[in-house]
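Colleague: First, the structure itself, so that you have it in front of you.
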């Protein structure tokens, strides 16, 4: 009866608000633990309406979406994923400051139903703010599959907040969540979360503080959420104390002295205990697990992959499999793009430009500069996207967190924690986000050391260089050779870490708790979205600075005007000037040296420049196909590429490959390198100075050129030394010259 | 190479340099983070 009356009141209240309520935009903040499915939930709700930016003054990503639901305008603000609202990391400070100062109309607290107790710790802290909360009990389907029964009605009763079971991956419960959010936002007074009891001692101290504080600082207590402010004062939160300009409050010292004496612990532990007790008690009340719980799949898999002896070999094996799948599946599409850029695209460009009366040199600029340069890089787009897809799969499945865990012991040997391996793993995609990811590490020393090691991880931009050389010199063992380069990067990172630990960064590695999310099968949609997010910047690069560099390289290869041999061009002369440096490491030719110069801008430009340097001369005698024949060729060769990839995936036998027409680039590289010098060249490209964007990222992240300079110098020295050891060592072992 | 060719070549080189300036220096490249915003201040 009372519930019915309450609902009537709420409806009346909403009606009175009338049009003004319907017209205003409701601001909803979304908060939750990392891995609680928060991002998936927001993507499922907002989709393409999501705008990505940064929180003011910091480099923490901010996602926002404006949309309408039930005729109401909603502004959804995604807060950084945090475990608590304590001011230890930038993410926590950003989330907390937003909630305290911006006061959204409502908070949607995303809670992982399979990990209830840990997630409720944040819920308890959010409730301290007094802002209406709706709990999205997410991953509810997995919890149900595990046999968990969660009494969400009891939870609503105990916390005084609405609880809506959801599954962001299956997109269930989302409409109900938004409808509940609107209802709660319209009746905020009735929906304020319950004041949770933190135990008699804390509550008495809180009351005493409230009275004393109100008489001394009446303006402050009205300006901030009262209970939150009092609890923060008790915790002596330095961030809050500084913001309020408070120091040495006698009444606070008295209250804390009493608490410390009563508990025999420091205040931080007392408060954390109180919150954990609430989270734990609540979990016991509402969560019913099956009594005879079988060993779960996650535990069974972890027994093997986290095994002390098997962990690292399994990680290496997983990496090898990743490369194998990547190259086998993407190779037919790469060949298809190569054939298109070499044939039809160049012919079409000439067919358009020549009738327009364009000078011959502009036709050459487009064909031998832009199409040869950008095309040489575009050939590797399938391989990059395939690799990003499999890396995303490993991340989404939960295995990448295990990889960091198994590397923990190794990382400790170089004075770092396994957590530092995560930016390194990100570096496999692109070094730049890997460098930015170091901000998740708490210790400034760890940040710098990790950022210096991240560029040794082989990013996707190096892949075109490997694939080109491996395809020419090691076609039968392509994935193994490329895998060896990735492992070389990891081993050298460990080695350099040891050197840095003994010199620039002395000290012990701090201890952290590393989270191991349960294994999950990522949805195809989320895999595709994240693959696109990771891979799209390669397309961006191809369309912008690789395009621009291709144009400039063409000019540098053709100036002074009318130059007969490319060797005598400006780029050729620059390459020839530094080529002797590379003589001892096996590639002392001007072509390789010139490519390495332009490759500083982005590593894939090494291939683009080689494409331009070795661009074949026009063969006038060849019959030129018609446009119709070209289009037919484009379609049939794409179909053939799809069939080959599908056969590879299904392990079906494939027709013997025809002897390939050796393109000009391949022939030229075969003439300029041996297998040994090709391997030394790939190792050099892996290790030599980071690209300009990575250097800029280091400068931006650490506010000084010093560490970018250290990285640039040590990596180039390391690259030359490694290439020398490979080449000269190989010669000594009789592996060729 | 005539005057017109020199002018066209100059414009093309200037355009390429501007693209490099705009993407590498001004925009600091696209660093490949999720959402592509991590390098923006």
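Counting begins at 1 with the first residue displayed.
Just so it is clear, glycine is given a Cβ too, placed from its N, Cα and C backbone atoms.
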Colleague: If I go by TrEMBL, the feature transmembrane segment sits on one of A:333-353, A:396-416, A:417-437, A:480-500. Which?
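Modeller: Among A:333-353, A:396-416, A:417-437, A:480-500, the range TrEMBL annotates as transmembrane segment is A:480-500.
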Colleague: Mark yes when the transmembrane segment (A:676-695) and the transmembrane segment (A:448-474) have three or more Cβ pairs under 8 Å (sequence separation 6 or more) and no when they do not.
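Modeller: The answer is yes, given that the two segments have at least 3 Cβ pairs within the 8 Å cut-off.
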Colleague: Ranking A:305-323, A:370-394, A:480-500, A:538-557 by Cβ pairs under 8 Å to the transmembrane segment (A:676-695), which is first?
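Modeller: The stretch with the most close Cβ contacts to the transmembrane segment (A:676-695) is A:480-500.
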Colleague: Compare A:305-323, A:480-500, A:538-557 by their Cβ pairs under 8 Å to the transmembrane segment (A:370-394) and return the stretch that comes out on top.
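Modeller: Looking at each of A:305-323, A:480-500, A:538-557 in turn, the most contacts to the transmembrane segment (A:370-394) are made by A:538-557.
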Colleague: Would you kindly list the residues that approach the transmembrane segment (A:480-500) from elsewhere in its chain, counting only those six or more residues past its ends and only Cβ-Cβ distances under 8 Å?
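Modeller: Residues 316, 319-320, 323, 327, 410-411, 413-416, 424, 428, 449, 452-453, 456-458, 462-463, 466-467, 470, 474, 679, 682-683, 686-687, 714, 718, 722.
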Colleague: Could you give the residue numbers and ranges of same-chain residues that sit at least 6 residues beyond the transmembrane segment (A:305-323) on either side and whose C-beta is under 8 angstroms from one of its C-beta atoms?
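Modeller: Tertiary neighbours of the transmembrane segment (A:305-323) are 387, 390-391, 394, 399, 402-403, 405-407, 410, 479-480, 482-483, 486-487.
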Colleague: Six or more residues out from either end of the transmembrane segment (A:538-557), which same-chain residues have a Cβ under 8 Å from its Cβ atoms?
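Modeller: Distant contacts of the transmembrane segment (A:538-557): 364-365, 368-370, 372-374, 377-378, 381, 384, 460-461, 566, 569-572, 574, 598, 601-602, 604-605, 608-609, 612-613.
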